[in-house]
Amino acid sequence: PHTGRLALYLLGLRAPCPPPHPHRLLVTRLKYYLEEDWTGSQRHGHPLTSYYQYGLGVLALCVHHKRVREEVIRRLLTAQNHGKLGHSGNAVDTEAVVALAFTCLEQRKLVGSKLAAELQAATHRASRGMAEAQGPDGVIGNIYSTPWALQVFLATGTCQTEPEFSKALAALLENLKAFGTAATMAQVLPVLHSRSYLDIASMHCQEEPDTLTPLDMEPLPEVPGNKTVQLVVECPLPWCYELRLYDRPVLVPASASLLDVLQAAAALEPHDFKFHTQDTPQGPFLTQVLGLEARQEKRNYWQLLTAPDSPLQMGIADYRPQDGTTVILRLSEW
């Protein structure tokens, strides 16, 4: 089920003040997706998509002032109580989305008082957890999860009391170039205006002139010449007996992204490098390298690093390594 995609679409429909008639068909479809999504828990112990998308679905329904069955809410509450919401930066993303959904349900009074108190306590735990996850550079999780965390601080009114807020906002302003896709821009723009996704639930829409005009996006400037990127694949125990599975220089155009580097490596003779990606709202996500698939039930993922051991703060389509950079794809555990 396309839970997350439809949830983002419904949030987008609400944001620009839609026509008066409700989007009943889409809301009904999202409710159906939430139930279909949960069938995965019977086999895998988690939704077919992810807790991130499941939380987005609950948030979108709340923003449209639609009640959600208590059982659906408790699925997220139980997952948070048992620490099942993700790993590293992804954990911050998911914790924040779920916290925003809980805050929306509580503030819009769409749940009873007993459940509202539980949701408030869960949101407080998530907020403190995100504050504790802040690195020395101000980033919370990673640069893309930082806007989500800031939205939670804004939605709960703790931005004035959390010292982590100003530090994270400063880090965000220093890394705005990382937000180059529509999905990542949608996460960061509300924060830059001291707003969260919850604010679109309480907007008072009035007749507005049609002032929206298409924006001509300028293509990225072409950089002349080529560059060489050293591509390394590592697979530690217990998944592999040999740590370094691939280590080869890859020649690419000077403006190439990491995704371009992977594609160039796959085209080299002999064709011993293969990889697969999965499309997400944040861009392509690396799921398989050299036939080794990262699987949530195995609690592993492909971590992206630059040598010797610095995690990347950008996705494979956005990161553009410099000439001579060594990029490491490491199968890691969370």
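Note that Cβ sites are derived from N, Cα and C of the backbone, with glycine treated the same way.
Sequence annotations record features per position, and here TrEMBL assigns cyanocob(III)alamin binding site to THR49, SER50, TYR51, TYR52, GLN53, ASP93, ASN142, GLN187, TRP302, GLN303, LEU304, LEU312, TRP334.
Feature annotation from TrEMBL assigns disulfide bond to CYS62-CYS104. Shown in sequence order, LEU59, CYS62, VAL63, LEU110, ALA155, LEU198, ALA201 are the residues of the chain, 6+ apart in sequence, with a C-beta less than 8 angstroms from the C-beta of CYS104 (disulfide bond).
Among the features that TrEMBL reports, domain 'Transcobalamin-like C-terminal' is placed at 256-332.
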Averaged pLDDT, computed only over the residues in the domain 'Transcobalamin-like C-terminal' (256-332) = 87
If you run through the domain 'Transcobalamin-like C-terminal' (256-332) with DSSP, how many residues end up as helix, strand and coil?
-> 13 helix, 31 strand, 33 coil
Among TYR51, TRP302, the one of these binding-site residues whose Cβ has the fewest neighbouring Cβ atoms within 10 Å | TRP302
